[in-house]
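Engineer: Okay, handing you the structure first.
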Amino acid sequence: MPRYCGEPPGVRVYTVCDESKYLVVKNVPALGCGDELLRLFSTYGQIEECKPMDAEDCEPFTDVYWIKFHQVDNARFAKRKLDEFVFLGNRLQISYAPHFESLSDAKEKLEGRRNEVLARLKPRSSNASAAYGHGPSARDQSLGLQQREFGDSHYTARSGGSASMTHVSSDKEYFPLESMNQTVRLVREKLNEIQSSTDNSEVQSSKRPRVDNRRRI
């Protein structure tokens, strides 16, 4: 039954059993426009067969067409886009026709939906396992990498095989610029002066004052 202008479309939920690659298109103008209708529906997928249904009841001056798509996804997409579509002045009324399916068609449809659901659940299950601690998170992986790097550097430092922990001569120039090397030398001289003054103070403090035990007259 066609809906009136301005009336909101009805909402219906289709299950996998209701969907089908067979479509029944009603309210097609009786103008011999089967080729135009086939060309319109073929933009949404491969069509195996398209023919009029003469024995089907319909409104005056309209025809009913039976369309078979190659895949269920194509039929679903075409129904979603072309239902209530204005075709040559009439609004098309499209419905699924699962009663035309054979046993192999129904098996193929259910197997395809099963694979589609499994493909949708795989990324969710991996994200959920990472969120609830079933898998190593990015933070745990970074911490583990830092611990391994620290352990390797500690081991090489103790074994004396690490080049980064070897002793470097104080006269070596670290930087390519002379001004930066000069600054390093000045800082090193200041540190040496502080170290020498600290050593002298320790030596002086270690000397005990001499006590004069001679008897005064």
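Numbering starts at 1 and runs along the chain as it is shown here.
Cβ atoms are placed via backbone N, Cα and C, with glycine included.
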Engineer: Which one of 101-120, 121-140, 161-180 shows up in TrEMBL as region 'Disordered'?
Structural biologist: 121-140
Engineer: Check the domain 'RRM' (21-99) for me and report the mean pLDDT.
Structural biologist: 90
Engineer: Across the domain 'RRM' (21-99), what are the DSSP residue counts per state (helix, strand, coil)?
Structural biologist: 24 helix, 30 strand, 25 coil
